Amino acid sequence: MMKISVKETLESLRQHDASERFKENSSSSLPSRSTFRAQMPSIRQSLPANFRNAIAPESETIEKEDKDWSTEQITQSPYTAEKEKTENEVVKISTPQMSPAKNSHDPEWINNAEYFIREKLCVWFRVANGQWHLGKIHSTSSDDVCVMLSTNDDVVKVSMEEIFPANPEILEGVEDLTQLSYLNEPSLLYNLRVRYSQELIYSKAGPVLIAVNPFKNVQIYGEEFLSAYQTKGLDAPHVYAVADAAYDEMMRGTRLSIPNAFCAHKKHDLTMHMWSGESGAGKTETAKYAMQYLEALGGGSFGVENEILKTNCILEAFGNAKTSRNDNSSRFGKLMEIHFSAKGKICGAKLETFSLNQSRVAQLCNGERSYHIFYQLCAGASPILKERLKLKAASEYDYLNQSNCLIMDRTDDAQKFHKLMEAFNIVQIPQEYQERVFALLAAVLWLGNVSFKVTDNENHVEVVADEAVTNVATLMGCNSKELMVVLSTCKLQAGRDCIAKRLTLRQATDMRDSLAKIIYASLFNWLVEKINISLEVGNSRTGRSISILDIYGFESFENNSFEQFCINYANERLQQHFNRHLFKLEQEEYEGDGIDWTKVEFKDNQECLNLIEKKPIGLVSLLDEESNFPKATDTTFANKLKQHLNANSCFKGERGQGFRIKHYAGEVLYNTNGFLEKNRDPLHVDLIQLLSSCKCQLLNLFSTKMRHEFLKPATFSDSMNQSVITKFKGQLFKLMNKLEDTTPHFIRCIKPNSNQLPGLYEENHVLQQLRCCGVLEIVRISRSGYPTRLTHQELAVRYGCLLLDTRISQEPLSTSNAILKQCNLPPEMYQVGYTKIYLRTGLIGVLEERRKYVLRGILGLQKQFRGYQARECFHNMRNAAVILQSYIRGENARRNYIVVKESAIVSTAITEELDAAIHLQYMVRKWLARKHLNSMQQKKKPRNEKKQPRRKSTRRVSEDKVVFFPDLCDPPCVLADLQSRVQKVEAAIMQKEDENTALQEELQRFEERWLENEARMKSMEETWQKHMSSMQMSLAAACKILAPDKTASQGNESEDTMSFGTPTKELKRSLSEVNNLSREFDQRSVIIHEDAKSLVEVNSQSSSRKQHAEELRRLKLRFEKWKKDYKARLRETKARIRSNGDEGRHRNWWCKKSC
């Protein structure tokens, strides 16, 4: 009954929407067309079926079920067409092999051709070389069309099958391919080429991001773009936008699935897939940019985000190599699971790797390189490290020089090595372990130089004891003789006896290469374990995580072997996962939930997977079966494949050891040479024993792990006994199970050209990758599909706040319908299913914005209400506090009053004594005032009248005392005592006033004298300075004049002696006297200056003015005495010099004004 009611509700909704849309369409000036992919729009009539607006890789037919065309999505286009309604109509999806064209006399085609000619509409057409060109229809004839090229006026005649409509110029370079009016291969190629020429390498194809490798640095990364996408300032297609969407969904914690709806049980865990159909498309670099954005979003709390980024440097050095198609090709797969805390901060990570290509250590094709770490170690190691590891140049090692490619353009291996050392330190790998890692790498390089010597006719060999063997044994920490024995012999168990079998040259070489590959693979796995320990989440695990898958891309070389088969097998599995989520599960869910949907056919690769995986005659099963036969060869394996798999359409046998598989990305020719040996990958017990006997701790650790796995019972599914392809298949299925439990976000990386050159866009190369990726089907299903879906319960809970009417039923279906109507969403933008609501692209953003708007309003209302409540509470508390304070103040006042009242009650005796004392003071003051008045009056009267009034006043005072103090007149001694005390006090006051006046006058005199002395000292100091400067100038002038005389006297000593004789000695004596006078003047000036300075300082601190004035006078006398003596001696010296006959020359200095 419930299902019937739901169907009735849906039917009523559809009828209502159909009627509303009919009204809108009837009022429209131009008719609208359906967006169904197989219809070509026209003005009056639709174009013939062979004139297509879409193309698919293969011819396919789609049955359209009966449906109400009123529920089709209606979109506007530059071209309009009438909507046709048919029953059980079969629509042909175009292919390169076109269906026969309609008769040229068909009036429908004539009308459309005339319309295109008249309106000059552009079309795409393909010429003989397969290139697409843009032109306009010039004329039509039969099955051919004459098209005029847009670049020039040339007219080309092409078949009707090779013509496709072009989009208008306004749609050139759109960000999302779903916005194109017409979906066909040339339109997609042209749109991507326009964006690529503008360095816009990212485009959207519905839920899939398309990234075209620019092969150069493009300025679309960095802090500015990080902040722009974090703040939602940019919404252009970008790997940052994909990472931001995954992060938002993880933090939102809802069960939104884009595009997968079956991951609801693991709602916090989202996975970002990064893979493409070809190596060198830029998957690794894109993954690094995604990790960079996640580090910017969730960094800063636990400090592990930098370690996560540095792991890329380590993994690229040890796991990437140069191939013929990619300079930085990943030779392993990795899944980086980044964990976040409840607050959205990165709290740890876990790294998982898949199938490292071990054969690249020992075998290289021409023009390729081994793993980057070998070249970086040889180029960047310090001289001390090179000496310790016995390192030489990379060209000296056979493992590296066999491909004739040692360096790469635009790559500095030495700089990469230094960055690797920094990454080791950041990931917390100790220095001791770093040196051990480098020692093992050097041992692997020296192993390649180990050579063998044939000893007999059976091709048995022995190891040549040269430098390579010695260095390998030293670096590994083992005995060189034991190493030589292990590499040249093999121990066989015969009963209880152990027999040593000598190896041939091929077997010994394989044994040597096997040892090198085991050491390198074990070292790589050990590094991954160390990285996981450093990035361990611990107790902060919350279940929120974003995983980034970076795995090797599809490969097809001239010689494809076992490694390429494993890589392409993994890509087939990933392609099926892609198809399953974007095509199969989407359409199955639409049909199961009862929504209106036209099924989209797509290219499924299940048949190719059956060819590889099917038991018991699948390729993997046959390979394992042949690997278990001791006498099986690569040729017998190839024959068995042709015998059992020829019935499969994806398989094609070739002559000899070759076979072809038709993969989703194209057909690949494989050579079975080496398949069996590489699949067996035997692990010899001798090698394990050799590693366990080494002194190197890492080798002991590796041997312990291998021995533990090798000795497991068979009942525990011993992985060591499994073949390589079986282990690889198990890892691949484990990865697929993880991906099924997550919400995927796909990024398709495209390689624009095979030469890895910037700016070069090869259309055929890009088209092949677009076909492999199924981009056309993705765009079609995205345009007509519903990438976002929520259950009715989820939509009601999350967006129920948008409803204004609260009387609606609480049933989830009714609530969700009411929400969508409340938001006035166009009916063609969503559909209502039995259990879920299906939304078009971008509609969830509209709902989120309206929800945010409503929540902001609710928060604003709550804010105002909480503010009002807080203010009311504050006012009430304040009023209560005021009342409480008034009660407390009243109580305190009453208590204080009681205390004052009790203290005011004193005895009557104390009160009377106080009154008497006050009255006594009053009478004394009154008597003193009267006495002072009488004394003033008596001063005015004559001296002879003073005594009598004074006696009268005395008597009057005594009478007054008797009158006023009748009680105190009895003892006369009291009054006399009081009078005497008053007189003494008055006399003392007068004496103090006189002394104070005298002291003030004396202080004023001292101040005046101090100022005079200070001015006098300043004037004397200035005078001394002038005297000294004048004397110094005189001495300087004398020295200047006498200096040349001294030189002249020395130069013409003989002449002076002949002319004057003794005057030369007199001159020397005069010069010495002048020098003495000069020195004396300098010394005396310094002494006088210091004495005057000290006298001034002491004088400013001391208070004895007379003593300092006396010292100043004595100093002046000493100076005057010395000055007089100095002048006298100076005059004598002048006279002595003048007497020598040099008056003319010395007149300049002695004729100056004296001091």
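Indices start at 1 and increase along the chain as displayed.
Cβ from N, Cα, C; glycine included.
Annotated by TrEMBL as region 'Actin-binding', the relevant range among 617-639, 663-685, 732-754, 847-869 is 732-754. Across the region 'Actin-binding' (732-754), the model assigns an average pLDDT of 86. Taking H, G and I as helix, E and B as strand and the rest as coil, DSSP gives the region 'Actin-binding' (732-754) the counts 9 helix, 8 strand, 6 coil. Here the domain 'Myosin N-terminal SH3-like' (118-168) has, by DSSP, the following mix of helix, strand and coil residues: 5 helix, 29 strand, 17 coil.
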